[in-house]
Amino acid sequence: MNADAKTEIKGRERYKAGVLKYAQMGYWNGDYEPKDTDLIALFRITPQDGVDPIEAAAAVAGESSTATWTVVWTDRLTACDQYRAKAYRVDPVPGTPGQYFCYVAYDLILFEEGSIANLTASIIGNVFSFKPLKAARLEDMRLPVAYVKTFRGPPTGIVVERERLDKFGKPLLGATTKPKLGLSGKNYGRVVYEGLKGGLDFMKDDENINSQPFMHWRDRYLYCMEAVNHASAVTGEVKGHYLNITAGTMEEMYRRAEFAKELGSVIVMVDLIVGWTAIQSISEWCRQNDMILHMHRAGHGTYTRQKNHGISFRVIAKWLRLAGVDHLHAGTAVGKLEGDPPTVQGYYNVCREMKNEVDLPRGLFFEQDWADLKKVMPVASGGIHAGQMHQLLDLFGDDVVLQFGGGTIGHPMGIQAGATANRVALEAMVLARNEGRDIAHEGPEILRAAAKWCKPLEAALDIWGNISFNYTPTDTSDFVPSVTAA
């Protein structure tokens, strides 16, 4: 692209009928200094052969704001200089020829207050299908404080949840009921009771258990809450079960949520696939009814896993904090699901910090002030077991729910023993950490010492102690070498 093609055309020539380059229409400005009130998006773009990266960046800015493929005179009926998004920086992606990071600034006036649906319609609504790009990925966003303040965020937050549970200074423990499909309501409730009695704080529904022929949702709720109440009475601890209210319509979701509330549940769950409007709607219901909202990120891997195209999960986490969820599955790094340890830590930081600093090794490109929005409790779930407790505590600290589904239900001595093994492993590791021991390196030794007086933990370590999922992550930082969790 020649120099003129990168320069904005001014005056009458700008609005003559015809086709101009996006940069010529004003969607590229290398001298632009973003305002504090601008929303900034960072895209990873792979232009088609022969497409200049600056023109590709300008096209992203144009197609995600006000542009179309040709000049339209009706631009002059608007404050078009203000409304145009502006690509202002393009950097080659380190070590990846043909890919570029492009920074695009959007004036805040382009977005409806408090609406993730509107935000996503602009930022990801059109550009990902644009022919001049082989691929595009939304890597990160900076959300201005003025925009953050239009959202209400999590209905409960970490602090209030811990106060309700009376649990402080250590991770919470949970498990997903297995098998996730096929159990009758009564047997399902039995699994819930055994897990809670054995020492877990929560049990949960999985993403695809809704209301199938083998178990109506109402039956599941009744048996699960019976299990919760019985386990609470027996142990003297506050217990809970994440009742999945995901359904085909909002009306049905509200109906299930109301029934869960009537039964005394303190928490309900929805899947990410219900959509942004449904998430914000049920979040508002939870706020009005003093309920914790658990978010299962079902389906996210279809657009977050590939490094060259889609949306980074750190962006999804930011949107979900705005939308208002209390719990969010955010990866384990050491389990069976995709997750580079530093990258996953970046997701956790998005959930738990009041201000994110720039942290390129963890994938955070911008400072992000959360304007006192409540914190989200990250959830580590998927292929984890008691033998990894030292890794999990070292990676994620205290404010996390550690969910051992198969690592509880699959215990050779039974479900209650599986829960007890996880509880003892956690308590032993927290104690060792608080005594100043190096749990990252001494973890296996600490666990074996605890197992000498806990047969369930000994059995768990014997059967799963050497199980790991050390595959090369696909979504890693571009600024540091990838590491493994081992």
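Going from the start of the chain as shown, residues are counted 1 onward.
The backbone N, Cα and C atoms fix where each Cβ goes, glycine too.
Marked as active site, proton acceptor by Swiss-Prot: LYS178, HIS296. The annotation substrate binding site is assigned in Swiss-Prot to ASN126, THR176, LYS180, ARG297, HIS329, SER381 on the grounds of sequence analysis. The Mg(2+) binding site annotation in Swiss-Prot covers LYS204, ASP206, GLU207, and the record cites sequence analysis as its basis. Annotation source Swiss-Prot lists N6-carboxylysine at LYS204, citing sequence analysis. For LYS336, the entry in Swiss-Prot reads site 'Transition state stabilizer', with the evidence type sequence analysis.
Annotated features, which come from Swiss-Prot, shown on the structure.
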{"residue": "ASN126", "record": "substrate binding site", "Cβ within 10 Å": "15"}
{"residue": "THR176", "record": "substrate binding site", "Cβ within 10 Å": "25"}
{"residue": "LYS178", "record": "active site, proton acceptor", "Cβ within 10 Å": "16"}
{"residue": "LYS180", "record": "substrate binding site", "Cβ within 10 Å": "13"}
{"residue": "LYS204", "record": "Mg(2+) binding site", "Cβ within 10 Å": "29"}
{"residue": "ASP206", "record": "Mg(2+) binding site", "Cβ within 10 Å": "19"}
{"residue": "GLU207", "record": "Mg(2+) binding site", "Cβ within 10 Å": "20"}
{"residue": "HIS296", "record": "active site, proton acceptor", "Cβ within 10 Å": "26"}
{"residue": "HIS329", "record": "substrate binding site", "Cβ within 10 Å": "23"}
{"residue": "SER381", "record": "substrate binding site", "Cβ within 10 Å": "25"}
Self-check item: Residue from ASP206, GLU207, HIS296 whose C-alpha is spatially nearest that of ASN126 (substrate binding site), among the recorded positions
Solution: HIS296
Quiz item: Hey, how far is SER381 (substrate binding site) from ASP206 (Mg(2+) binding site), Cα to Cα, in Å?
Solution: 11
Quiz item: Which whole-number value in Å describes the distance between the Cα atoms of LYS180 (substrate binding site) and LYS204 (Mg(2+) binding site)?
Solution: 10
Exercise. Determine which residues of this chain, when LYS204, ASP206, GLU207 are set aside, have a Cβ within 8 Å of the centroid of the Mg(2+) site's Cβ atoms, and list them as they appear in the sequence.
Key: THR176, THR177, LYS180, ASP205, ASN208, ILE209, TYR242, ASN244, MET269, HIS296
Quiz item: In Å, rounded, how far does the Cα of ARG297 (substrate binding site) sit from the Cα of LYS178 (active site, proton acceptor)?
Solution: 18
Practice problem: Specify the nearest of the recorded positions ASP206, GLU207, HIS296, HIS329 to LYS178 (active site, proton acceptor), where nearness means the distance between Cα atoms. | Solution: ASP206
Quiz item: To the nearest whole angstrom, what is the C-alpha distance linking ASP206 (Mg(2+) binding site) and HIS329 (substrate binding site)?
Solution: 12
Quiz item: Nearest to HIS329 (substrate binding site) in three-dimensional space, by Cα, is which of the recorded positions LYS204, GLU207, HIS296?
Solution: HIS296
